[in-house]
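Have a look at the structure that comes next, please.
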Amino acid sequence: MACRLYLALIFSCVYLICLSSQQETGFVYNGFEQADLFIDGIAKILPDGLLQLTNTTELQMGHAFFKKPFDFDPSSSLSFYTHFVCALVPPKLGADGGHGIVFVVSPSIDLSHAYATQYLGVFSNLTNGTSSSHLLAIELDTVKTVEFNELEKPHVGIDLNSPISVESALPSYFSNALGKNISINLLSGEPIQVWVDYDGSFLNVTLAPIEIKKPNQPLISRAINLSEIFQEKMYVGFSSSTGNLLSNHYILGWSFSRRKEQLQSLNLSTLPRVPLPKEEKKKLSPLLIGLVILLVIPVVMVLGGVYWYRRKKYAEVKEWWEKEYGPHRFSYKSLYKATNGFRKDCRVGKGGFGEVYKGTLPGGRHIAVKRLSHDAEQGMKQFVAEVVTMGNLQHRNLVPLLGYCRRKCELLLVSEYMPNGSLDQYLFHEGNPSPSWYQRISILKDIASALSYLHTGTKQVVLHRDIKASNVMLDSEFNGRLGDFGMAKFHDRGTNLSATAAVGTIGYMAPELITMGTSMKTDVYAFGAFLLEVICGRRPVEPELPVGKQYLVKWVYECWKEACLFKTRDPRLGVEFLPEEVEMVLKLGLLCTNAMPESRPAMEQVVQYLNQDLPLPIFSPSTPGIGAFMPVSMEALSAIGVSSVRNSSVSMFVTHTILDGHGR
């Protein structure tokens, strides 16, 4: 028998310990669908889990309490911590509402004796100020009550046994970022967070909007000894009331604990949404309707004018000869939007025939848009025909021409954007890293392959006529892409190109260009000069150097003749290269710049030499045409009307490639 009593005593102790532990742990409700609450008055839990304390019914109150009391034994450490989210929604946003929400700690969940209106469903005339009430109320009051000595505006207050607050403040929160208090509109209908913390000495009340973390400083901090007010068992909950002024008062979520470290966080993202009042539709009076009509007519006229102006602004010229090129044509409006209206901050280059802009198409593709003017109809027709034909060229080492747009006196050319700019930026600009030997030889192979394709891999022979480092673009992987077809010419295989003005850049132009005209061999000559430019790290013509070094081809030849060919390499190459490979490429450059066109290799052979699929033919400094450099003078070019300058060419036609920050 004694054993049974002993076991029963043990079980009772365990039960009491568990119960005490449960009470100290507290609770958390992210919505109130499954909440264990005592509810009375007009309070109710809505289907979405929202706790509604009052609605827009006059002179009513509602209560919601946690059903189990908490142990607040004055002999032990007395503290509690709570965090809840509420919303006060008047019948019409921006209007007054009443009367407010109160967080209550009470010895009883029966507040039927309390009054509505300014008493907030907690107090009454009979119990105001009496110590026997044992009530703590944290009020969010939206109506001024003169008899309670309340503030002019909605306020937050601490009430002890009476609706007259012992401490109050206008609703606001401390901004950690700004270091000052920011006001809060209690009747905005927006969710508001409230923290009430009591550590045994100080009662702190803190507010913040739903999207703000708990501020570092409370709104109210009051030294209070709640052990003189609290009984051993106390209930926690909410109260709300209406009067002649009405509001929907909601609680979205609630967390409570006797201990700070055990207070569970609310999941703010999952809380139910607050229903806001719908705006009433007002009927328009006949007078107002008439005024609206009188206003609408001029507005319609203005909009019509704007529409006409925009149509004229985006109008594009189309002729019968452009129909066959339709798939390559962009609308002016799409390019206008892609470049943000051709804003200055989108401009990335400027050439002899127009400006270059970076743009982005709706799908995210980056493009380069060259904007130029024209007035010669026949010349523009020929240009469009040639450019669109080039749009059909497909090779991995060509800058893809995507299309064009013709509008009034403008032509816009669209190509793929090359993010790493042009090769000359890395060869001659000290601020950029110098390409390694591997990168240089790889780029040379890329451009040789592209030029071989233009000469032999297309339906018509394509002559580039302006090969140089500034026209070699680098994609995101630093692969070489041949661009700038502004000077390009086409002719059928088996026929010769009709005589045209000599074009190009000094130092890249073959000696026979003036007398014999353009051919595949003149492209080979330009490639040879470009090849030496890349390996030697200097431009083909530099007048500021001593006479013996001004012309790159001549200087490399003289160094070979003096058995010091190796010293012509770019000193920035470092040591990571094969000497025999450097020597082979330098000699190939001299072979391609042979003064005798028939002695120059075809681009197909150049590709084989660079890939070392074919040995370089044996020749020496005494071989006819090698090193016989005959520079085309500026005077001679001017005499035949060539548009060309040192270091950059002003093309007969416009470039369609883009130099990232530098234009032709």
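Numbers here mean position along the shown chain, with the first residue as 1.
Placed from the backbone N, Cα and C atoms, the Cβ positions cover glycine too.
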To which residue among Asn204, Asn647 does Swiss-Prot attach the annotation N-linked glycosylation site?
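Per Swiss-Prot, N-linked glycosylation site applies to Asn204.
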Would you mind telling me which one of Asn267, Asn496 Swiss-Prot calls N-linked glycosylation site?
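My reading of Swiss-Prot gives Asn267.
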Which one is it, among the recorded positions Asn181, Asn204, Asn225, Asn267, Asp466, that lies nearest to Asn125 (N-linked glycosylation site) by Cα separation?
Asn225
Can you tell me which parts of the same chain pack against the transmembrane segment (287-307), counting only residues 6+ beyond its ends and a CB-CB cutoff under 8 A?
none
Return the member of Asn55, Asn181, Asn225, Asp466 nearest to Asn204 (N-linked glycosylation site) in space, with distance defined Cα to Cα and candidates limited to these recorded positions.
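Nearest candidate: Asn225.
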Cα-Cα separation of Asp466 (active site, proton acceptor) and Asn267 (N-linked glycosylation site), in Å?
66
Using a Cβ-Cβ cut-off under 8 angstroms and a sequence gap of six or more, which residues of the chain neighbour Asn225 (N-linked glycosylation site)?
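Listed in sequence order, they are Ser201.
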Could you tell me the C-alpha distance between Asn181 (N-linked glycosylation site) and Asn267 (N-linked glycosylation site) in angstrom, no decimals?
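Cα-Cα, rounded: 25 Å.
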